[in-house]
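Copied from Swiss-Prot, the annotated features are:
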ACT_SITE  225  active site, proton acceptor
BINDING   100, 173, 207, 208  S-methyl-5'-thioadenosine binding site
BINDING   129, 153  spermidine binding site
COMPBIAS  20-58  compositional bias 'Basic and acidic residues'
DOMAIN    74-305  domain 'PABS'
REGION    20-61  region 'Disordered'
């Protein structure tokens, strides 16, 4: 899970309080947010680098994508982590794995940083994970077999296991260090509710594409919680070819969901992922929710081989009742007009034309 925000005049949200009601212990609609304006950070790239980028522009019919350096991304997460580490805090887990730097810290909340980028805060991680999991799990009839691609912290897994119909879950994550942390650090184990010790769970420490190249039984639900497409390598996780491959692992009435960044801060990335899934031959439904610790809303795409599977999902009541989703899912499928307009600019990300990481860097620059 992954979360990157746009840096230009970014608005940082801090949760100051929340109200409880009988239905919801933590209701995202009732957060009182304190909004703080942060001034722009100066980009110190020299002029020659800028000229080189201009020479490498990627053209599409409606959009010009200019490659930018990734060091300009996610400055606020790095600043936040430094401030935490400089003050009173508890380091719950710290390791440089073969793939990333992992920092699990505790102040008032528990926060996971991967390569200095915030992945979740325990204050509101349920908002993200319930939105990722429950719409699809509630819509697919009696899901028995579930595949989770990514999600090594076990938080999406926790939500999946709430469904009594589920008999078998395969979780695929590349980083064994993440899995070990999620299994053994008490604060994370408390968050994921011992999910990795459920007898229904099978963990596969390998690359998702490697797993998808192996024969397997079909799945009723597939949950894609890949990192954001910040690099060309990560962009390969969001190609039409890979989405088409994932679709072959679905049962006739199965569906998958893909985390897809922010339709507010990265609309070109968000809608391009949806467009790429559609080009793989699937029916797509798009939705989003506000995640306060991310400082923005976050978007997802549902997809299926059979259009009827997602019929009237907006009118769905979710059971088991999540703590943070509205009782009726309809609001999640509504977008502001300015966000919908960006849909017309959506691109196709394919193995022969990897462009999503360039869209991403362009939208995330400051």
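Note: Cβ is positioned from N, Cα and C throughout, glycine not excepted.
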Other residues near the S-methyl-5'-thioadenosine site, CB within 8 A of the CB centroid of 100, 173, 207, 208? 99, 150, 152, 172, 174, 175, 206
On a C-alpha basis, identify the one among 129, 153, 225 that is nearest to residue 208 (S-methyl-5'-thioadenosine binding site); the candidates are the recorded positions. 225
On the domain 'PABS' (74-305), the mean of the pLDDT values is 93
Fewest neighbouring Cβ atoms within 10 Å among the recorded positions 153, 173, 207, 225 goes to 207
Using DSSP with the three-state reduction, classify residue 208 (S-methyl-5'-thioadenosine binding site) as helix, strand or coil. helix
Let me check the 10 A CB neighbour count of residue 100 (S-methyl-5'-thioadenosine binding site). How many other CB atoms are there? 18
In the chain carrying residue 129 (spermidine binding site), residues 6 or more apart in sequence that have Cβ under 8 angstroms from it: 155, 156, 158, 159
Quick one: of the binding-site residues 100, 173, 207, which has its CA closest to the CA of residue 225 (active site, proton acceptor)? 173
Provide, as an integer number of angstrom, the distance between the C-alpha atoms of residue 100 (S-methyl-5'-thioadenosine binding site) and residue 153 (spermidine binding site). 14
How many angstrom lie between the most widely spaced Cα atoms of the S-methyl-5'-thioadenosine binders 100, 173, 207, 208? 17
Through the lens of DSSP with three states only, how would you label residue 129 (spermidine binding site)? helix
Could you tell me which three-state DSSP class the residue listed as 'active site, proton acceptor' falls into? strand
